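Asker: One structure, as structure tokens, below. Some questions next.
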Amino acid sequence: MPEVADTCSLASPASVCRTQHLHLRCSVDFARRTLTGTAALTVQSQEENLRSLTLDTKDLTIEKVVINGQEVKYTLGESQGYKGSPMEISLPIALSKNQEIVIEISFETSPKSSALQWLTPEQTSGKQHPYLFSQCQAIHCRAILPCQDTPSVKLTYTAEVSVPKELVALMSAIRDGEAPDPEDPSRKIYRFNQRVPIPCYLIALVVGALESRQIGPRTLVWSEKEQVEKSANEFSETESMLKIAEDLGGPYVWGQYDLLVLPPSFPYGGMENPCLTFVTPTLLAGDKSLSNVIAHEISHSWTGNLVTNKTWDHFWLNEGHTVYLERHICGRLFGEKFRHFHALGGWGELQNTIKTFGESHPFTKLVVDLKDVDPDVAYSSIPYEKGFALLFYLEQLLGGPEVFLGFLKAYVKKFSYQSVTTDDWKSFLYSHFKDKVDLLNQVDWNTWLYAPGLPPVKPNYDVTLTNACIALSQRWVTAKEEDLSSFSIADLKDLSSHQLNEFLAQVLQKAPLPLGHIKRMQEVYNFNAINNSEIRFRWLRLCIQSKWEEAIPLALKMATEQGRMKFTRPLFKDLAAFDKSHDQAVHTYQEHKASMHPVTAMLVGRDLKVD
């Protein structure tokens with residue numbers, strides 16, 4: 001396979017050298033907001049006569065680099081913004097092809113590391129202890145330690161992490177014991193081992209006053225004690241989802257599958273850190289209705305973590321396949337009509353995102369070109385929903401779900417422990433369906449993969465569960481003022497929370513509505529009393545877009561009480577677009593910026609055109 005350049009990394013590419021293993025020893029300092037320690041990288045040369053190599057770093061202080069007991073020369077290049085600074089290391093001997101060397105780098109992170117959020121005790125549920133969590137995807141691992149920060153390189157890792165003894169440390173690895181810190185009796189060392197090779201964006205660390213509850217034979221749920229019961233209840237379907245996922249994807253190779261419920265500022269719905277999925281507390285709806293996010297993160301154990309996009313241009317390979325598996329898991333649990341309902345909801349989400357970007361925007365392509373583009377800035381639902389739509393279309397073209405799931409399982413088996421591009425995927429698709437090449441040649445590949453805007457074909461969807469949502473939304477959108485008295489709470493009696501959410505999504509596509517309609521909607525349905533985060537989010541967007549001033553404090557509260565970017569960014573954007581709340585939105589952002597996650601703060605600042 002020709003080497004594909006990773007334009008998001010400044011490190012030596014995988015064709016020059018490959019990191020095979022990391023041994024991390026570090027100490028977590030809450031007072032200084034730093035990680036200090038050593039990263040020992042076992043690197044294998046991929047070429048003859050290798051005399052130097054380059055690693056990614058970002059805002060790191062390097063104390064020294066040691067190889068074979070000797071300090072060696074290194075240079076830290078100029079900072080290149082979001083990409084960080086290249087670190088070139090001179091090797092004491094020229095390496096021959098396949099020769100390995102251990103490079104031990106002493107480093108310290110910056111308090112403003114883009115990979116870490118440091119929470120004060122006041123920002124936690126327990127209010128007693130500080131909290132730290134990392135988020136490395138896409139290219140923030142370099143802000144924790146020097147590495148080849150590209151998904152084209154996979155490594156195993158071991159770690160020893162020293163933390164205050166009243167706290168617990170967890171990583172994206174198997175827990176491997178704990179002991180008092182011999183250098184400081186007020187501290188404890190936690191040990192970890194990840195034996196499956198992973199891209200370094202899956203390295204993860206959390207430190208806090210964490211407790212756990214067992215919810216399955218291979219699953220503990222971890223959180224602060226205030227959330228642990230609620231979380232155990234919310235995610236009780238985890239083991240049944242894992243079993244279905246194994247049936248669809250093949251054996252689960254990671255051993256443990258734990259869940260960590262983070263503080264509200266966690267910027268994503270979930271992060272598929274191996275052995276320890278991170279999830280937002282906004283999933284705690286009380287009725288398990290948002291558990292599709294767990295199905296999604298479980299599915300990444302195959303698509304993403306075992307078979308990985310080679311560069312972030314091909315991110316859709318991770319996310320499209322994972323959404324496809326997620327919806328099959330939910331289909332097995334709740335029926336095929338439910339799978340189609342979510343698939344069609346996803347198509348609506350895709351339409352919304354394309355409308356937001358503009359239909360000729362390059363970020364609406366399935367395969368993107370991230371040369372000089374920060375992956376955090378390009379991030380959207382496109383790789384998820386356009387990717388899913390392509391796979392769903394292929395499923396229907398090639399003979400249905402069982403046939404296409406056969407392909408997916410074979411794809412995972414073929415490319416496990418590797419990193420792949422769209423061309424690798426497409427070649428394998430053609431070889432797997434060699435008897436259906438005529439059908440595959442009907443696909444407008446160029447438009448699907450490389451053109452912006454909506455896909456060339458819309459798949460077929462069963463609309464059984466969606467029809468009620470559309471019908472009710474149509475009633476509201478077409479209602480005249482004199483029709484408003486015809487609405488009542490009985491309208492909702494046969495709708496699930498998933499359908500209620502879809503109803504609001506449908507109305508939101510037609511927003512704004514007359515203010516009288518919105519007030520009547522609140523009067524009969526009392527949406528302000530609903531705490532389900534997805535429903536509340538769409539309801540508050542509808543209120544602000546329809547210019548209901550009374551909703552401003554509620555929308556500001558939701559935008560700041562939690563920091564899941566899916567909710568926080570659109571709420572701030574809507575508030576900024578409404579003249580009555582524009583200044584308040586900017587002021588509230590500036591007030592909260594210092595306590596926000598670094599990536600969230602950066603992106604909301606861009607959205608609001610401040611900073």
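Note: Cβ is positioned from N, Cα and C throughout, glycine not excepted.
Pulled these from Swiss-Prot:
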| type | residues | note |
| --- | --- | --- |
| MOD_RES | Lys73 | N6-acetyllysine |
| BINDING | Gln135, Cys136, Gln137, Pro267, Tyr268, Gly269, Gly270, Met271, Glu272, Arg564, Met565, Lys566 | peptide binding site |
| BINDING | His296, His300, Glu319 | Zn(2+) binding site |
| ACT_SITE | Glu297 | active site, proton acceptor |
| MOD_RES | Lys337 | N6-acetyllysine |
| SITE | Tyr379 | site 'Covalently modified during suicide inhibition by leukotrienes' |
| ACT_SITE | Tyr384 | active site, proton donor |
| MOD_RES | Lys414 | N6-acetyllysine |
| MOD_RES | Ser416 | phosphoserine |
| MOD_RES | Lys573 | N6-acetyllysine |
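Tell me what's around each of these sites.
Answerer: Around Lys73 (N6-acetyllysine), the C-beta neighbours below 8 angstroms that are at least 6 residues distant in the chain are Val65, Ile89, Ser90. Look at Lys73 (N6-acetyllysine): DSSP puts it in coil.
Of all Cβ atoms in the protein chains displayed, 22 besides its own lie within 10 Å of the Cβ of Tyr268 (peptide binding site). DSSP gives Tyr268 (peptide binding site) a coil state; it is part of no helix or strand.
Just so you know, the Cβ of His300 (Zn(2+) binding site) picks up 25 other Cβ atoms within 10 Å once every protein chain is counted.
DSSP gives Glu297 (active site, proton acceptor) a helix state.
Long-range Cβ proximity for Lys337 (N6-acetyllysine), meaning a same-chain Cβ under 8 A and a gap of 6 or more residues, is found for Asp462, Thr464, Leu465.
Around the Cβ of Tyr379 (site 'Covalently modified during suicide inhibition by leukotrienes'), 18 further Cβ atoms fall within 10 Å across all displayed protein chains.
In the shown protein chains, 23 other C-beta atoms lie within 10 A of the C-beta of Tyr384 (active site, proton donor). Taken residue by residue with DSSP, Tyr384 (active site, proton donor) is part of a helix.
Classification of Lys414 (N6-acetyllysine) by DSSP places it within a helix. Non-local contacts of Lys414 (N6-acetyllysine) by the CB criterion (under 8 A, 6+ apart in sequence, same chain) comprise Phe428.
Residues near Ser416 (phosphoserine) in space but far in sequence (CB under 8 A, at least 6 apart, same chain), listed by position: Val253, Leu306, Val307.
Look at Lys573 (N6-acetyllysine): DSSP puts it in a helix.
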Asker: Using C-alpha positions only, work out which of the recorded positions Tyr268, Tyr379, Tyr384 is nearest to His300 (Zn(2+) binding site).
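Answerer: The smallest Cα gap between His300 (Zn(2+) binding site) and any of the recorded positions is with Tyr384.
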Asker: Please tell me which one of the recorded positions listed here (Gln137, Tyr379, Met565, Lys573) sits closest to Glu297 (active site, proton acceptor), measuring Cα to Cα?
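Answerer: Sorting the recorded positions by distance from Glu297 (active site, proton acceptor), the top entry is Gln137.
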Asker: Between Gln137 (peptide binding site) and Tyr384 (active site, proton donor), what is the CA-CA distance rounded to a whole number of Å?
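Answerer: Taking the Cα atoms only, Gln137 (peptide binding site) lies 15 Å from Tyr384 (active site, proton donor).
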Asker: To the nearest whole angstrom, what is the C-alpha distance linking Lys573 (N6-acetyllysine) and Met565 (peptide binding site)?
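Answerer: Distance (Cα to Cα, whole Å): 11 Å.
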Asker: Using all protein chains in view, find how many other C-beta atoms are within 10 Å of the C-beta of Lys573 (N6-acetyllysine).
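Answerer: Taking every protein chain into account, the count is 17.
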Asker: What is the set of residues, excluding His296, His300, Glu319, whose C-beta falls within 8 angstroms of the centroid of the C-beta atoms at the Zn(2+) site?
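Answerer: Surrounding the site, in chain order, are Gly270, Glu272, Glu297, Ser299, Thr303, Gly304, Asn318, His321, Thr322, Val323, Leu325, Glu326, Tyr384.
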Asker: Pull out the recorded positions from the set His296, Glu319, Tyr379, Tyr384 whose C-alpha sits within 10 Å of the C-alpha of Glu272 (peptide binding site).
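Answerer: Cα filter at 10 Å returns His296.
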